[in-house]
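Below you'll find the structure, written out as structure tokens, and then a few comments.
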Amino acid sequence: MKSEVKGHFLTPDGQVKKGILSIAEGKIVGCEFNIVSEQAEWEAEGVIVPGFIDVHVHGGGGADVMDATPEALDQISATHGAKGTTAWLATTVTQSTRNTDRAIDAVVEYMKSDRNGKSGAQVVGIHLEGPFLNPKLRGAHREDFVRLPDKAQFIQWCERAEGAIRMITLAPELEGAEELIREAVNRGIVVSAGHSDATWADMETATARGVSHVTHLFNAMRPLHHREPGLIAYTLQHPALTADLIVDGIHLHPGIVDLALANKGADKLLLITDAMRAACIGDGEYGFDGFQVTVLNGEARIHDGTLAGSLLTLDEAFRRMVDKHDVSMADASRMASVNPAKLLRLDSIRGSIAEGMKADLVQLQGNGSVRWTMVDGQYVYGQKA
């Protein structure tokens with residue numbers, strides 16, 4: 001059965017146009033775009049953009065991926081779906097092998113089930129953040145579970161995940177990283193440098209091995225220095241590397257975001273949330289990976305003041321890029337939808353509004369807030385006005 005969606009659409013050419021989409025079996029089967037919309041018109045009536053894709057989500061709405069239950073994954077999906085995310089990677093934290101096993105098992109079963117994408121955003125894979133991180137730059141990851149890269153353990157997790165692992169964040173300078181990177185690349189898994197003390201030379205070696213992305217650029221990595229530029233400068237200078245940013249106004253100074261934009265451009269940057277369980281709940285005390293986290297005034301910190309993820313949602317990240325960094329809506333969409341789809345090699349079915357693509361859509365109101373979210377052609381938040 002076909003359905004139609006009418007409105008103002010952000011089209012693949014970067015323009016907002018009036019149009020009609022025909023949708024059947026969760027896909028866009030017809031597009032009819034007409035004249036370019038006037039800004040005042042689409043601001044008043046709303047603009048429909050490709051659904052956001054978040055490659056780094058730990059939790060939200062009081063739930064965490066490491067809870068390892070379908071109810072937790074439902075809650076996270078609903079929480080972020082209400083904020084425009086239509087696809088996400090269930091992201092682990094550094095934990096015991098047993099707890100990581102449990103989380104992987106839960107995500108794999110959830111992805112096979114009918115409930116995936118019904119309550120909100122669809123889980124499209126797993127992002128292993130850790131445990132192969134540099135202990136000096138572990139952030140809010142537990143030191144007692146951080147370890148050197150272990151190819152055998154990684155293979156075990158890959159086999160357990162049945163192909164669901166799409167991304168891994170690791171410190172490429174660590175002993176054992178070379179073999180693990182090659183194994184991941186051979187399996188088609190995105191290898192991202194993060195929580196790392198890598199030097200410029202380390203990154204030259206890492207990119208030659210297959211590292212293609214950088215996790216939360218500037219955060220939890222060797223600071224920039226004029227005699228040892230390290231991971232940050234290498235990322236800014238290396239045209240093939242993509243990177244993601246947490247643009248909540250807390251993790252990064254606005255000038256640093258502008259620096260990344262000036263050097264990488266919107267085509268090489270992704271917006272992520274790195275959201276933890278308190279996202280969309282508010283101030284209070286929360287458990288996070290064995291830590292007590294205090295959430296106050298939009299910041300989540302453990303006892304020593306270290307940031308413990310964020311409370312960000314992708315609709316807010318999108319708005320901030322447009323409102324505070326003078327980024328066009330088309331470029332913000334690249335960072336929130338197109339580029340994540342490309343990174344995960346899902347761009348043939350996700351990330352843009354075109355015939356043959358999944359009907360994953362978000363209508364934004366003039367103030368940037370979400371009016372409705374559609375996943376696989378079904379409204380999961382709000383409804384058509």
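For all residues, glycine too, the Cβ spot is worked out from N, Cα and C.
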**Item:** Given TrEMBL lists Glu129, His195 for Zn(2+), the same-site residue among His213, His216
**Value:** His216
**Message:** I need the CA-to-CA distance for His216 (Zn(2+) binding site) versus His251 (substrate binding site), whole Å please.
**Reply:** 9
**Fill in**
Cβ proximity for Asp274 (active site, proton donor/acceptor), under 8 A, sequence spacing 6+, ordered by residue number, returns His56, Val57, His58, Thr91, His216, Ile246, His251, Gly309, Ser310, Leu312
**Asked** What's the CA-CA gap between Asn219 (substrate binding site) and His195 (Zn(2+) binding site) in angstrom, rounded?
**Response** 8
**Asked** Since the record lists Glu129, His195, Asn219, Ala308, Gly309 as binding-site residues, which of them has the fewest other Cβ atoms within 10 Å of its Cβ?
**Response** Asn219
**Item:** Cβ packing number for Ala220 (substrate binding site), 10 Å threshold
**Value:** 24
**Request:** Work through the binding-site residues one by one (His216, His251) and point out the residue whose CB has the fewest other CB atoms within 10 angstroms.
**Result:** His251
